[in-house]
Structure formats: C-alpha cells, structure tokens
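**Student:** Got a structure for you, questions after.
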Amino acid sequence: MGPLPFDELDEEKEESGASGASTAEGKDLSKKVYFTKQTVGNACGTVGVIHAIGNATSQIKLVEGSYFDKFYKKTADMDPVQRAAFLEEDDEMEGAHSVAASAGDTDANADVNEHFVCFSCVDGELYELDGRKSQPISHGPSSPETLLQDAAKVIKARIAEDPDSVNFNVMALSKP
C-alpha cells in the first residue's frame, strides 16, 4: 500500500466522472477503514502515509506511546472531518511535515499541483483513499495477498487515460 501521485488533470477527470473508478456510494463502507479529509495544502503525501499506516495497524505493531500510536488512538472515534481538524492543529505533525518537506535536495514548489492517494485492502476490499474526496472509493474485492496486483490494475487503467503523462509514480509501504 502506498501513496500514488496524480496531477491536476486527474482531479479534473475525476470531478467530471471520466475516471473509471467505482465509487463506494450506495455500498456500505467497512467501519475499519481509517480515512481523513485533507484540509491542509500540499499535505497529500502526509495524508497518504497516515492512510497507509492507519489501515495497516492490524498488520504492524506501533510502538506504545509513539507519535503514531497516540495519533491513531486520539482520532480513532472521529469522523474524517474531525480527523482533518485535529491534524490541522497538530503542531508535532506540522513540525515533522515541515522537516521532511525541506529535507530533500529539491525545494518544495507551492505551485506544483500533484496529488498523492493511497490504496489499501481493508475487510476484503481495495480502497482508494483520497483526502480530497468525501469518502473512500471501493475498487472491489482484494486481499493482502493480491493487494499489489489489484492496485496495479487500477493504476494501469488510470495511466492508460493519459499515457503520455510522466506524472505517475508508485511507492509501497511494506514489511522488509
């Protein structure tokens, strides 16, 4: 599971309905899906990582008392909008985000409008977790064993919509 960058063109396609993604509307979403809205600008990578870790806590053990352990415990019973508000006020996350954003060799450009989403398998469903959306998007059945292949199908379909774009990258958060 991991964030996948999409550019501004993809956002326009998604808003117009041109994307092949099936929405989860009319379908009961798993209560186990950890999802937050993104209300902080240029924080989609951070939100993608929050989604990836938050939906893997049954497979990974967070260190008791660590930042993420405390973060997920504090936000577990919040809805996506409340989680976003909590994140906006979280000075520790803001500091870590700023350090990480400025740690690379390339300056962060506020004018670049790329976007990261996360694909995760929860309760036997492949979910696309995009903080710009009101809720997760279900892409159908999946499993921990087939997550990579299932997400790759969705990603390949997205790339096929704009095959000349170089704005696609994939990262995975995985066990060693």
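Just so it is clear, glycine is given a Cβ too, placed from its N, Cα and C backbone atoms.
Sharing the feature lines straight out of TrEMBL:
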type	residues	note
REGION	1-26	region 'Disordered'
DOMAIN	1-175	domain 'UCH catalytic'
SITE	Gln38	site 'Transition state stabilizer'
ACT_SITE	Cys44	active site, nucleophile
ACT_SITE	His115	active site, proton donor
SITE	Asp130	site 'Important for enzyme activity'
**Student:** What does DSSP call Asp130 (site 'Important for enzyme activity') in the simple three-state scheme?
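**Tutor:** In the DSSP reduction, Asp130 (site 'Important for enzyme activity') maps to coil.
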**Student:** With DSSP assignments reduced to helix, strand and coil, which class does the residue listed as 'active site, nucleophile' get?
**Tutor:** helix
**Student:** Express the distance between the Cα positions of the residue listed as 'active site, proton donor' and Asp130 (site 'Important for enzyme activity') as a whole number of Å.
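**Tutor:** The separation of the Cα atoms works out to 9 Å.
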**Student:** Please report the Cα separation of Cys44 (active site, nucleophile) and Gln38 (site 'Transition state stabilizer') in Å, rounded to an integer.
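**Tutor:** Just about 7 Å between their Cα atoms.
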**Student:** Reported as an integer number of Å, what is the Cα distance between Asp130 (site 'Important for enzyme activity') and Gln38 (site 'Transition state stabilizer')?
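**Tutor:** Cα of Asp130 (site 'Important for enzyme activity') to Cα of Gln38 (site 'Transition state stabilizer') measures 8 Å after rounding.
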**Student:** Return the residues near Gln38 (site 'Transition state stabilizer') by Cβ distance under 8 Å, restricted to its own chain and a separation of at least 6 in sequence.
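**Tutor:** Sequence-distant Cβ neighbours: Cys44, Val47, Ala84, Gly131, Arg132.
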**Student:** Count the other Cβ atoms sitting within 10 Å of the Cβ of His115 (active site, proton donor), across every protein chain shown.
**Tutor:** 23
**Student:** Average pLDDT across the domain 'UCH catalytic' (1-175)?
**Tutor:** 82
**Student:** Please report the DSSP secondary structure of His115 (active site, proton donor), reduced to three states.
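**Tutor:** SS state of His115 (active site, proton donor) = strand.
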